[in-house]
Structures are given as structure tokens and as C-alpha cells.
């Protein structure tokens with residue numbers, strides 16, 4: 001797969017192919033976008049396109065978009081989408097916007113792949129790095145991944161977060177800390193959870209600084225990065241305040257994610273748990289779930305200090321499992337980054353199992369949801385059980401990738417052990 | 001990382017996927033187990049940092065959040081005072097009833113003497129200290145009019161024989177006496193005085209019995225408790241209590257017209273209610289609020305189709321499945337009044353004693369369903385399209401009298417007297433109810449130390465006690481009733497506070513079930529990692545000390 005020369009023609013071909021595929025689905029299957037928009041696997045309360053339209057309608061009629069408690073997304077989406085011609089009359093422009101965002105994400109991914117950061121970072125060079133896929137292949141895997149396509153067709157606003165995160169990584173790899181921090185601020189502004197990626201991203205930026213203008217002190221560098229993020233987020237908040245005229249958007253967007261006030265079913269693990277939760281323990285367990293989600297950041301960053309990109313990949317995988325409103329779009333982002341580690345694939349032990357489990361869950365999930373909601377012959381446990389399996393598949397993949405990366409590090413340290421069986425002691 | 005660590009170093013959570021080299025590749029039987037190479041100091045330090053990173057989150061964020069989100073707020077409750085109220089120690093319900101005597105035909109001294117004798121006779125008859133009748137002489141100037149301070153005015157009028165008659169509109173008792181019945185100033189007894197005392201006693205007997213029944217069923221210490229309620233009296237009282245609707249501050253009255261055919265299709269219920277029922281509702285308004293709605297249903301089939309209804313049929317006459325009689329609207333209990341237009345009649349013996357209306361005119365038209373309402377059978381000419389207000393007079397009068405018995409009004413005496421008695425009974429009832437609710441709340445707070453008590457509850461309790469105190473002071477009067485109503489409502493609100501009810505059945509042992517399933521698996525690797533790390537650290541220190549000692553020796 002690798003080694004093939006990437007010509008401009010092939011690049012254009014890939015992008016055109018992905019765009020045509022999406023446009024074809026949009027135009028030839030006009031019922032499909034709305035069907036996918038309604039699927040719980042794609043649209044969560046904080047990313048749903050339907051809710052965005054509701055907020056947009058209120059915003060265009062000079063009513064606060066957060067009235068009615070339907071819209072939970074960032075206020076800056078509203079002016080962006082009201083600049084476009086009305087969705088009802090000319091949907092093609094919305095389609096084109098979503099396709100463009102997907103292509104932008106793919107180009108960022110391409111840059112990350114071509115930088116070779118996955119195989120050899122500043123502090124670590126894998127002995128297997130020669131065996132990798134080109135940016136073309138990785139971008140193609142992302143663009144033609146059914147999860148990515150479904151997210152794009154379902155017009156979930158999480159594609160914007162995906163794009164911002166990928167651009168943050170691409171900028172960091174390219175040695176542009178400022179651009180990386182601004183991109184991460186946008187991602188955090190849109191979805192809040194990417195803020196947890198700040199520590200590994202700062203490390204990645206620090207490692208990939210251009211030598212001519214490198215800051216030596218790591219603490220100073222981290223301080224500058226954190227203040228850039230804080231500043232950009234503050235500016236975004238201020239703009240949101242001017243747009244909506246009040247700070248109401250803070251509890252309606254981030255508050256909903258923090259308190260999980262909308263218990264609509266999704267592919268994550270939170271909703272079922274909090275439906276069953278005793279009211280007096282609700283706030284405590286909300287805190288526990290959030291702490292659990294964020295506790296991985298410190299440990300992973302310390303452990304895999306030499307490869308910050310791996311940390312970010314693993315964290316994105318963990319977020320896709322454990323965040324409050326996950327959708328398949330988060331999984332598609334994780335699956336987009338996994339192929340960067342083609343060189344450690346031979347070290348992974350459960351590729352077949354995890355791939356099978358993920359596919360099993362993605363086929364049975366919709367079926368079980370149908371049984372529960374429409375056919376009425378199942379209940380909520382059916383759907384929750386399959387989301388557990390889905391989470392299990394992804395955590396298998398995360399663990400396996402982590403194992404492979406650590407084994408790779410270890411083989412560099414002790415080349416004589418390469419290829420030998422290992423055992424935990 | 002743990003790959004090179006000695007075997008006694010356990011792996012922390014994150015290190016688990018990483019394993020150590022297989023020392024098991026033992027090719028030579030003679031060769032002992034291969035030891036892994038020693039760990040690098042940087043790896044050891046890194047592992048400590050990882051464990052530290054997790055523990056910092058647990059200690060700096062987890063513990064404060066746990067403390068903040070699970071501490072139980074308990075407002076201070078005056079528990080002892082609340083229990084005192086429940087035990088009846090805080091208030092002794094006393095109803096001083098003032099009865100004024102108008103004796104304009106008598107001389108001042110004669111009247112005083114008669115009054116003294118009557119009071120003596122009354123005191124001899126009375127055995128219940130909480131319910132006290134006190135006589136007073138009305139000033140002669142205040143003729144004819146009822147004195148609002150007193151509950152009853154007795155008008156002594158000279159006549160031929162000794163008779164007693166209640167005024168139907170005012171709480172007045174007209175007593176006529178023969179001229180020779182006036183006691184002489186020296187006599188120690190008088191037939192007139194005994195007669196008046198007997199009349200008064202029988203008038204208030206029912207109220208007295210009801211109140212003492214109330215007190216006896218509540219936790220009132222025995223010294224305040226009246227003695228000698230005969231079993232049959234108390235049985236009839238509890239029967240009446242079961243018939244009446246449970247007390248609520250608001251009742252919802254539903255007037256329904258059900259017709260077996262297409263006619264009549266409308267009724268002048270507004271006018272009829274205003275004319276026949278409104279006066280009684282107005283009188284009851286200090287005790288209850290009423291909301292009213294009406295409905296008409298054509299072609300309504302009753303539950304029983306036989307022409308003549310027996311007593312057994314009456315209970316199944318209501319067609320609960322098809323008639324739109326909602327059990328209760330907006331929390332207030334509903335009292336249903338049903339006019340059924342049809343040609344069915346009630347069999348004569350079906351009228352049980354005390355059941356339904358005994359007035360001769362409507363003897364076989366209506367019956368009362370305990371705690372539910374009344375059904376009135378109305379037969380009309382076939383072509384009546386609209387029920388006029390006059391046609392509804394008899395049903396509504398029946399409904400009014402049934403409403404009184406459904407609200408628990410005593411049955412003897414004139415209407416004004418019955419209503420004032422109802423007000424006194426209600427205030428006693430509400431006072432006791434609020435007190436016992438307070439007691440339950442106090443016992444609940446004592447029994448469940450882990451239940452949270454919001455400040456709203458404490459507010460409610462202090463309001464309740466304030467109004468209870470006021471009610472206790474003004475018992476018997478209209479303010480007493482108003483205060484008792486507020487106290488009861490506040491006590492109920494405090495007791496049924498939403499956040500407390502949920503925790504009522506949540507014992508401490510359940511907390512294990514809440515915490516363990518998630519936090520247990522999380523805690524095991526955390527704690528084990530910390531312990532292993534501490535063990536390794538101590539071992540390193542010991543080795544370092546030994547090395548130091550060895551060097552010193554050299």
C-alpha cells in the first residue's frame with residue numbers, strides 16, 4: 001500500500017472521489033440524510049443537526065436560541081449557518097460546507113501522516129518506522145470510513161470539532177504552536193472535552209518546536225500555551241456573549257455536558273447509569289464520571305512522554321468510550337488516527353477480536369435500538385447491552401494499541417528481545 | 001516501566017498491558033530461573049509519577065467533591081417541642097362556649113339567680129373539662145339580636161308551658177316557661193334551671209362526643225381525656241367519620257347530569273347552584289374552599305338496568321367504566337353530585353337507617369355514597385329539553401344536605417348551630433392533625449440520622465408551631481380555625497417535602513451497593529499501585545542504608 005508515488009492528480013482524485021460520494025448520497029438518496037440525522041448513534045443532544053436548526057430558527061427570529069432547552073451547541077454555529085442560504089430552500093450549500101469540513105480534516109490528517117511523527121518523535125524513534133502507510137492511504141481510510149461518511153451525511157456538528165482537533169495536531173506537528181493552540185481552543189469551545197488534550201498537545205508542540213525560535217524552559221512554554229488557549233477561549237466566549245446577548249449559553253452548552261441533564265439514549269455509557277441513579281448521589285457520580293474521564297490524561301502523558309501523539313490518539317479513543325454524549329463521529333476520529341501506527345500493528349494481539357466486536361456492535365446496535373423503540377419487543381437493556389459491547393470493542397482496541405506502542409518502545413530499549421514472547425511479572 | 005522490574009513490583013493500572021520478558025524460556029534444566037535485569041532509576045521515578053498523577057486527582061478533586069456532594073444538610077428542628085405538641089403537652093384543647101341568656105321579662109336578680117342555678121346544673125352534668133359551657137346574662141338592651149361573642153342565645157319568654165324551639169336562621173333557642181317556674185331567690189333548685197341545663201346539654205352532646213372522640217383517637221394524655229364515651233356513641237361517631245370525605249382545604253364539586261336518552265340536553269345548573277347551594281357554600285367557606293364544575297352526558301347507561309333499584313343495586317348503579325367521573329382534579333378531592341334522568345325508582349325498603357335523605361318528599365329519589373357523593377334520580381316528562389332551575393331545586397337541596405354530612409357536619413340542632421359546631425370540630429381536628437404530623441416529622445428526623453432536612457422543612461415547622469400556638473389560644477373562634485388551617489397545611493408541606501420522601505426508604509447499608517460497583521474496581525488498582533510503590537520505596541531505602549553501612553565499615 002505504501003511506496004506508491006503520490007502525484008497531485010491522485011490527491012485531487014481522492015478528494016474529488018470523497019466529495020462525489022457524499023454529494024451522490026445527499027442527492028440520490030434524499031431520505032437518507034434526515035434518517036441518519038435522527039439516529040441516536042450519530043446525533044447526540046449536543047451535536048444534533050435537527051437541534052441546530054431549531055436553534056437557528058429561534059436565533060433568526062430574535063429569540064434566545066437556548067429558550068426551550070433543545071439547542072445545546074455553541075452559539076458561534078448560529079451566525080455561521082445563518083450566513084449560508086436557508087437550508088430549507090438550498091440545502092446544497094450546507095452539504096458543501098460539511099463536505100468541505102471533512103476534506104479539511106482529511107488534509108490535516110494527511111499532513112500528520114506525512115510528518116512521520118507517529119514513527120519517530122523528537123525523543124523516540126521506532127525501529128519499525130519504515131513500515132508505514134502514506135498520507136494518501138490514511139486520508140483515504142478516514143474519508144471512506146463508513147462512520148465518517150455517516151457522520152457527514154447525518155450533518156452532526158461534531159465534524160467541526162473533529163476538524164479542529166486534527167488541525168491542532170497538524171499545526172503542532174508542523175511546529176506552529178500558536179496555530180495548534182488556537183485550533184485546540186476552537187475544538188474546546190465547540191465541545192469542551194478537547195480541553196483535556198491540552199497537556200499532550202503542549203508536549204507535542206514543545207517537542208516539535210522549530211529550532212530557530214525554540215523556548216528552552218518547558219514550564220514557560222506550557223504557561224504561554226495555556227494562556228493562549230485561555231485567551232482565545234475568552235475571546236470566543238465574548239463573541240458568543242455579543243451574539244446571544246447573555247451568558248445563558250454557558251449552562252445550556254457546557255452545563256448540559258457537565259450535568260447530563262438530557263438523558264436521551266446514545267452509544268455511550270452514561271445515560272443508562274444516570275437514569276438508574278438515586279437522585280441524592282447524582283451529583284457525586286457525575287463528578288466521578290468526569291474525574292474518571294480526565295484521570296487518564298495525567299497518567300498517559302507521563303507514561304508515554306516520548307510520544308505525545310500516541311497519548312492524544314489513546315485519549316481520543318478513551319473519550320470516544322467514556323465521554324457523556326459520544327457518537328460514532330468520535331469513534332471515526334479515533335479510527336482515523338489509528339492507521340498512523342501501521343508500524344506497530346504486528347505487535348497488536350487482538351486486532352481480529354476488537355475488529356469483530358466493533359463490527360458486531362455496529363450491526364446489532366441499530367437492530368437492538370429498533371427492537372426497543374419501534375418494535376417494542378425489547379427494552380432499554382437491549383440497547384445498553386450492545387453499547388457496552390461497542391465500548392468493550394473500542395477499549396480492546398485502545399488497550400491493544402497501547403500495548404503495541406509500549407512493546408515497541410521496549411524493543412528499542414532492548415533490541416535483543418525483539419520478537420520474543422513476553423510475560424507479565 | 002515494569003518490563004525490567006523485579007517480580008515483587010506489581011504493575012499499576014496503566015502498566016498492565018506491558019509484560020515482562022519471559023524468563024520462562026529455560027532451555028537448560030540445570031539453569032535456575034532467569035532474573036530480569038534491574039530497573040533503571042528513570043523508570044522507577046516515572047512509575048511514581050504516574051501513580052502520583054492518579055492519586056493527585058483522587059485526593060485534590062475526588063475527595064472534596066465527594067465531601068461536597070454527599071454531605072447531608074440537616075436543618076435544626078425543635079424536636080422536643082414538636083414531640084410536645086404531638087403528645088398534647090403543648091396545648092390543651094379547651095373550648096369555652098359562652099351562652100347568653102336573654103330574659104327581658106325577668107328582674108335582674110331573678111335572672112341572676114336562675115343563671116346561677118342553671119350553671120350549677122350544667123356543671124353537675126358535664127364531665128368533660130375541655131368542653132365547657134359558660135352562661136352569661138345578656139344586657140337587657142341587646143334585645144332580639146344574637147350576640148356574636150356567644151355561640152348560642154337563649155331567649156326566655158313567659159308562656160303557658162315549658163317548651164324549647166330553635167330559631168332556624170340564628171343560633172337562638174326560644175324557651176317558654178310558665179310563670180310559676182321562676183325560682184325564688186332562696187331556693188337551691190329549680191325545674192326551669194334543670195330544664196334549660198338539660199336542653200343545653202342535649203344540644204351540645206353531639207359536639208362534645210365528637211370532640212372527645214377526636215381527642216381519644218389522638219395521642220392526648222389521659223388526664224385531659226374525657227371519660228365515659230359509651231361504645232355505641234363512639235361507634236356511631238366513627239361511622240359518621242367514615243362516611244364523610246377526608247378533610248381537605250379544598251373540595252372539588254362536580255355536578256353531572258346523566259340522561260338515559262337524548263333529552264334533556266341542557267340544564268340551568270348555574271342559576272340553581274347560586275340559588276340553592278351558594279348560601280351553604282358561603283357559610284362553609286371559612287372551613288373549605290370549593291371549586292365547581294358541571295357536565296352533561298346524554299345516552300348514559302347506568303350500571304344497573306332493572307326498573308326498581310334494590311339496596312344492593314345502588315352500589316353498582318354508577319357506571320364507573322363509561323361515565324366521565326374523574327377521581328380527583330388538581331389534588332383536591334372530588335365530591336360528585338349526579339342527577340340521573342330516567343324512569344328508575346328505588347325500592348322502598350332500600351333506604352337504610354341513616355343512609356341517604358330521610359325527608360319525606362325525596363324519600364325514594366336519592367342516596368348518598370360515603371366519601372364519594374350523591375346520586376339523585378329524576379323522572380321527567382319525555383319532551384323536557386331543558387332542566388329549569390325550579391326542577392333542580394329538590395335535587396340541589398338534597399345535595400346540599402348531603403354535602404353537609406359529607407363534610408362531617410353534626411346532624412342535630414339548627415343549621416347555624418350545626419355549622420358553628422362543624423367549625424369547632426374542624427379546628428380541633430386540624431389542630432390535632434397538625435400536631436401529630438409534627439410529631440411524625442420529629443420522630444422521622446430522630447429515627448433516620450442520614451435523612452437530609454432542607455431549610456424549607458425547618459421553615460414549615462416553625463410556621464406550623466407559630467400558628468398552632470395562635471390556634472390553641474383562640475380555639476373555638478373563627479381565627480382559631482384559620483390558624484389551625486394554616487398550621488395543618490404547613491405541617492403537611494413540611495412532612496411531604498419531596499427531597500425527604502425519596503430518602504425515606506434509603507438505609508445506610510444501601511450506600512455500599514451504591515458505591516461499590518463502580519468505585520470498588522476503580523479503587524483496587526489505585527490502592528494496590530500505591531501499596532506496591534510504598535513497599536518498593538521502603539525496600540530501596542533499606543538497601544541504601546545497608547549499602548551506606550557497608551561503606552562505613554570499609
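Backbone N, Cα and C atoms are what each Cβ position is placed from, and that goes for glycine too.
TrEMBL: automatically predicted annotations, no manual curation.
Range A:133-152 is the one annotated as transmembrane segment, of A:113-132, A:133-152 (source: TrEMBL). The stretches the transmembrane segment (A:218-243) and the transmembrane segment (A:309-328) do not meet in space: the count of Cβ pairs below 8 angstroms, excluding pairs fewer than 6 apart in sequence, stays at fewer than three. No contact links the transmembrane segment (A:186-206) to the transmembrane segment (A:133-152), because fewer than 3 Cβ pairs that are 6 or more residues apart lie under 8 A. Remote same-chain partners of the transmembrane segment (A:348-370), defined as residues 6 or more beyond its termini with a Cβ less than 8 Å from a stretch Cβ, comprise 39-41, 147, 265, 267, 328, 331, 378, 382-383, 385-387, 389-390, 392-394, 396-397, 400-401, 403-404. By the Cβ criterion (distance under 8 Å, sequence gap of 6 or more), the transmembrane segment (A:133-152) is counted as touching the transmembrane segment (A:12-32), at least 3 such pairs being found.
Counting Cβ pairs closer than 8 Å and at least 6 residues apart in sequence, the transmembrane segment (A:269-297) and the transmembrane segment (A:382-406) reach three or more and so form a contact. Distant neighbours of the transmembrane segment (A:382-406): 265-269, 272, 304, 307, 310, 313-314, 317-318, 320-321, 331, 334, 338, 341, 344-345, 347-351, 353-354, 357-358, 360-362, 364-365, 368-369, 371-372; these residues of the same chain sit at least 6 beyond its ends, with a Cβ under 8 Å from one of its Cβ atoms. Within its own chain, the transmembrane segment (A:309-328) is flanked in space by residues 41-47, 112, 117-118, 121, 147, 150-151, 156, 158, 165, 169, 173, 193, 196-197, 200-201, 203-204, 257, 260, 266-270, 289, 292-293, 296-297, 300-301, 334, 337-338, 340-341, 362, 391, 394-395, 397-398, 401-402, 405, which lie at least six positions past its ends and keep a Cβ under 8 Å from the stretch.
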